[in-house]
Amino acid sequence: MADPVVQSLHQTEPIKEIAIDYTPEACTHCADSNSITLTFDHRGGARWRSTTRFLYGTFSSLIQCPKGNTSGLNFNIYLSSLEGDKSQDEIDFEFLGKDKTIVQTNYYTTGTGNREEIHDLGFDCSEGFHEYVIKWGPDLIQWLIDGKVVRRAERNEGEGFPNKPMFLYASVWDASHIDKARWCGPYVGCDAPYVCLYKDIHVPVATAVECPCDS
């Protein structure tokens with residue numbers, strides 16, 4: 001018999017509002033269709049986030065990554081206690097523009113990551129929508145693609161594990177300067193503008209946490 005507490009933790013609803021952290025003209029949100037578009041062009045990229053933090057739950061979106069030669073770019077969906085905070089907790093899906101047939105997962109506790117894993121998608125992430133899901137609980141994180149669990153991370157006694165309330169974020173940005181372009185490749189830009197599409201975005205129903213800095 002299913003645990004009602006766990007069931008409640010992972011109930012979801014469509015995201016209703018978002019905040020745009022930078023380049024608002026490169027991000028469009030349609031609440032009626034539950035869709036968000038991010039564009040990377042001469043203005044740079046853009047980043048959106050939920051307007052509240054959540055402590056645990058299931059987060060999901062259908063995503064179609066940008067078409068064309070996306071070398072150098074990073075497009076993503078992830079959770080973070082606060083972007084830019086050096087002691088953040090974070091759980092990631094990151095697409096590396098040099099190869100759109102893979103995705104990287106990672107998680108951070110109090111600013112410490114280095115838990116990257118690369119997963120073969122079996123498809124080009126720019127050729128249609130696919131579902132990406134993060135299921136996060138006190139003792140377990142699961143990353144799912146099209147309903148299949150691709151990674152599990154369990155909390156081990158004495159080791160850090162994400163436990164801070166987190167926003168849902170997504171962005172498209174030029175990551176070509178990181179690790180001398182080995183991570184996402186050198187930026188080419190020949191097919192700009194690059195458009196990343198998100199739709200059917202869901203966040204937890206019951207785990208929103210009101211924080212003084214939620215704005």
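Any Cβ shown, glycine's included, is placed from N, Cα and C.
Remember, predicted model here, so these are calculated numbers, not experimental data.
Listed in TrEMBL:
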type     : residues : note
ACT_SITE : Glu90    : active site, nucleophile
ACT_SITE : Glu94    : active site, proton donor
DOMAIN   : 1-203    : domain 'GH16'
For Glu90 (active site, nucleophile), the number of other Cβ atoms found within 10 Å of its own Cβ: 21
CB contacts for the residue listed as 'active site, proton donor' [other CB atoms within 10 A, all chains]: 20
